[in-house]
Each structure stands twice: as C-alpha cells, then as structure tokens.
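Feature annotation from TrEMBL assigns domain 'Dihydroorotate dehydrogenase catalytic' to B:12-289. Here TrEMBL flags B:SER29, B:LYS51, B:THR52, B:ASN132, B:LYS170, B:GLY222, B:GLY248, B:GLY249, B:GLY270, B:THR271 as FMN binding site. Residues or ranges marked as substrate binding site by TrEMBL: B:LYS51, B:ASN75, B:ALA76, B:ILE77, B:GLY78, B:ILE79, B:ASN132, B:ASN197, B:THR198. Residues annotated as active site, nucleophile in TrEMBL: B:CYS135.
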Amino acid sequence: MSQQPIIAAGGCSAGWKPSIVAELARVVRHAAVNAEYRHLVLDCSEEAAAAQPGQFFQLLCPHPVGEQPFLRRPMSLYGADPDKRQVEFLYKVTGAGTRGLDTLEPGDSLDIMGPLGTGFTLDESMSHIIAVGRGAGLATLAPLAAAAKAKGIKVTAILSARRPELLVSVDLFRSKGAEVIAVTDSEQTSGPANVERILRREIAEGRCDAFFTCGSSRLMRVQQRLAREFGLSGQVAMEQQMACGIGLCYCCVRDFNVDGEIVNRRVCWDGPVFDLMEALP
Amino acid sequence: MNAAAVRPAIDLSVKVGGLTLRNPVMPASGTFAEGLEKVMDFNRLGAFVTKTITRELRAGNPLPRVVERPGSLINAIGIPSKGVPYFIEKTMPHYAVYDTPLVVSISAPTAEGFASLAAELSIPGIAAIEANISCPNIEEDGKAFAMRAESTEKVTRELRRATDLPLWVKLTPNTGDVPEVARAAEAAGADAVVVANTILSMAIDLKTFKPCLGNIMGGLSGPAIKPIVLRQVFQCAKAVSIPVIGCGGISTAEDAIEYMLAGATAVQVGTATFLQPAAMTTIIDGLETFCLHREIPRAADLIRGVVIEEADEPELSWLDPVS
C-alpha cells in the first residue's frame, strides 16, 4: 500500500467547499541539491498552490523497501507558485518517511494534504527583516524571500550549517534580492556569540525591524534577548512530531510562555509559526 | 442546506441508542475537532462525538504521545481537557450551527464524578452522552472501569440516574469477557454500547532502550486492530439487545459494512481520519454505493447480517459400535 486513493470531500451544505484537501500531486522534478538535501517539485491543485510561507503539508510517503511508515509526514513549504500550480519541498533523508520520498521519480504521484497551519505574517510596517535559519529552518524560511520582495520588504538571511557545502537556500534568497550571510560550524562562524555580533551590527545599522527564525533553539534564544533589548518583534516556526496535522489529536503540543503563564499549544493548528517572545526551546 | 438534493436513493438512517442518525458514520472520540470543518461538510456526518471532557483541567501526558507501528498507531495523549465551562462556552457553539447531533464524551475518576458531569452536561444542544469508561491512558497501569462487569454496572447505574439523555457506554477491548461487560452496561440502563476503545499496548526504542511513549504504555488503533474489535462487536451484538456501535480500525466503507454485518448499528472512525482527513464522508459515499449495487434499500438492513451457516449434523455412523 504505497498510495491511497484520492479523496474527494463532497459536501451537501449549499456552497460548501473544502479549504484543506488531500490530493494526488504529480512529481515534476526531484533532484539532490547537495549531499544531504533533495528538492521535490510537484504539480498540484490551485488550493494547494495557494500555500503561504511558514505553512506545511502532510505527505503520505511511499513505503520504502522493508519499512511501513504509517502516519503522514509534516513537511514545511519550500515554495509555492499559484500560476504554475506547483508546490516545492526541500528535505533531508532522515527516516522511513523521507526514505520513501526519496524513491519518487518524475511522473509519480504523491498524496499531499494541505496547506496546513498558520504561516509567517509580513506586515506593512516592516521595512527590513532578518531571517535566521539552520537545519530544516533553511527550507522553512526560504519562501519568505519572495513574499517579502513582493511587499517591498528587504531581507537579510543568516543561514547556518555544519559546512559551507551543506548550506541550502542561499541562491534562492539572493535571487530575490536578499543579503545572505552564511555561517558554518567548520569555519567557526555559526556559534551564538558570532551570530549575536552580526545581528547587533544589523540592528545598529537599521537593517532589522523583525526576526524570522526556524531550526535552532540557541539562535532563537539570542533573537529573543535582542528583540527584548531593542523592542523588536519576531516570529518562529516550530517543529514537533505530528499525527493528524489538523488539530485533532494533541500529539504535537508545546509549552509557550504567554505573559508569564505556561500555555499548551498545538504546533500543527495554533502554529507552526508562533510569536518569537512566547516560544520556549 | 439543500435537503432535496442530498436525499440519498438509499435510506442510510439508523436508530442508535435513543437517536435517529442520518447515517451510521461518526467520529471516534479524540480524533475529531473543529479543524475538520475545513475538510468536510459537517452536515453530512451521522453525529459529532467530542474529545473526552473531564471536570478537572488536564494537561495530558508527557511527550512523545504517539508512535507508529505497521498498520497502526499507539497513542498516549492523556485526555488534555480545558474543563466544562470552556466546553460549553467555546466548543459547543462551533457545533450548534450544524444540523448534526452532538454527542459529548465524558470521563471522571469515580462513578459519582461521571454522574455529576453527565448531569451538568444534560443541557440543550447535547444529543447524547458517551461515557468513556475505557481510556487506557488515564488510570495507573492502563486500568479502566470497563475492565470489569461490576464496576461497569455501578458507573452506568449512577450515570443512568443522572441523565435522561441517551447514554452510550464506551467499552474497553482490554478485558477477557467484553460481552459480559456489555450485558452489565445494558442491565444498568445504557442505551447503547460503543465497542471498543484502543488496545493497551507498548513500544520500545531499540536505540535508547526506552519506551517510545512518554506514558510508557498507550492505546493501539488503526487497521491492525480491526479483526480483533470486529470479533468483539460480533460477540457483544449477540449478548445484548441494545445497539452496538463499532469502533476499531475502520478506514473504508468495506470496513464499516463488515462491522454492521457483525452486529454494529453505527460505526466510529478515528485513526483513519489522520491519514485521509475526509475518510468519514468517503465511507458514507461508499456505504451508499455498496447498498445501491447490492440492492439493499436501507443501510440498517446490513446490521447483524452476517450469515452463519448452521453446522450439518455430524456424520457419526462410522463411530457406531459394530453391532
């Protein structure tokens, strides 16, 4: 059972239409971008292609040989093109689900469900934002580049990885006019102290009125501290193991600090993007 | 709503535990919330069944709360609950706009607690009470009222005294004699039994040697458990005369039909919704198509429809003593 049948959510209330759909998307391109990450481009419906930065999809991954992943896998959006009716994902093979994704060839179909969750908010008051990402965050933050450009908001992207050749999204950010600062473990530039130094310089030079971050608790804490010090806003995309992806099961809860009170929220439904100041590592 | 356009050629309605449902398909408690509004038309469902409400505020279990296994899912969510006032003020209004009966699932640590909660929730807008006396994730070591006939009878009797609403009692598969427990629920005044909840289970991570769940044990659900619970539904439907609502691993219309043939009057769909969010409406469509093709005018005709051939008289002649 590598694929399940497409589900049409028929309705009987007048004018009712689903806004979250599970559908069979078709693989257009699927290629390695470096030793770790793979880029998957799918033809999909108009509804799926309307996905916004920070939203995600639940993918029903094909079964790799010898493994039977049961649940869908949450995957943050790497790109969406409503005109071409395409969505893109950037992923690293880490488990049974992504090993299954890895088997997909152009022309194959993939059952995708979405768009899901609350994404990033780009507000008119912002003129220059900073995106700070590492790991899966490099993919999650990528769609901000085009969205910010469309609103005339400048972007500085601080992208972190173990080694320079493992960085992704650099070209994408640059192609949308963003300033990219790459930091890596191997060059000893990715530590919180150095990132804080870079952020302080950007703030001092008027190039930061909001933080957008994903993929590193240590870097998130640095931004929380600076946001408090300078009165800046911020948004963080959080990760958590998920089952349903639509707020039913309460598997993916995390604690948040809301005005000093610890509040439990569902990453899939209340997020995955949350107020930077409320997030707990 | 356009009632004329939706009237099916097949009569899908069923009478279950004091309610007439437009069709036999409803969600299993804990796998349903307002978010599904974005996926399916809520006016198509047979009923709504809420996540279990408790009187006390509950945070739920430590993470991880789920682990997958082939064809199945083990969960130990632990019934996070925001209490009764939140449910009445915030959750109920979401469902009030639909023409679908709202069944509220409740749990409490004692029989008296169940009764007082049922009384408090016997209010306009609630169509029935489902007493979750079978969650494996609340009590220590997976224990639950529904593991024994005596405790089931006691809690059901208290509940019966506390509410005039249709009372559905949700049984556990984690006991030796489910039909006996079903009979106890019936004797104490239940209008229907839900068979069953998840199967108490466990998984261990071979990298860390630690249990995969924060709660150590959890409840198994999904297609893997269907044959086990189907058998329990069959046994319970023979043991009681009140309706049995089948719940366990139903993913397709064929699964739902199999449950009805085994004796279920209605079915609950849970884990399947995690994989295909529109599973319930797909099952309703499939049930109607099946009845059309097989020329079965009413879905209710499927209930207890399993054909059990009487065994032929054994041929004993060869055993006759030679005379």
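Each residue, glycine too, has its Cβ placed from N, Cα and C.
Nobody curates TrEMBL annotations by hand; they come from automatic prediction.
Positions of TrEMBL features highlighted on the structure.
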residue: B:SER29; record: FMN binding site; Cβ contacts under 8 Å, 6 or more apart: B:VAL49, B:THR50, B:LYS51, B:THR52, B:SER105, B:GLU130, B:ASN132, B:LYS170, B:GLN268, B:GLY270
residue: B:CYS135; record: active site, nucleophile; Cβ contacts under 8 Å, 6 or more apart: B:THR52, B:ILE79, B:SER107, B:ALA144, B:ASN197, B:GLY219
residue: B:GLY248; record: FMN binding site; Cβ contacts under 8 Å, 6 or more apart: B:PRO173, B:VAL195, B:ALA196, B:SER221, B:ILE225, B:LYS226, B:ILE228, B:VAL229, B:LEU230, B:GLN232, B:VAL233
TODO: Counting other Cβ atoms within 10 Å, pick out the least crowded of the binding-site residues B:LYS51, B:LYS170.
DONE: B:LYS51
Task: Candidates B:GLY78, B:GLY270: member of the binding-site residues with the richest Cβ shell (10 Å) - done: B:GLY270
Task: Which of B:THR52, B:ASN132, B:THR198, the listed binding-site residues, has fewest other Cβ atoms within 10 Å - done: B:THR52
- [ ] Please work out the number of neighbouring Cβ atoms within 10 Å of the Cβ of B:ALA76 (substrate binding site), leaving out its own Cβ.
- [x] 28
Task: Local confidence of the prediction over the domain 'Dihydroorotate dehydrogenase catalytic' (B:12-289), expressed as mean pLDDT - done: 96
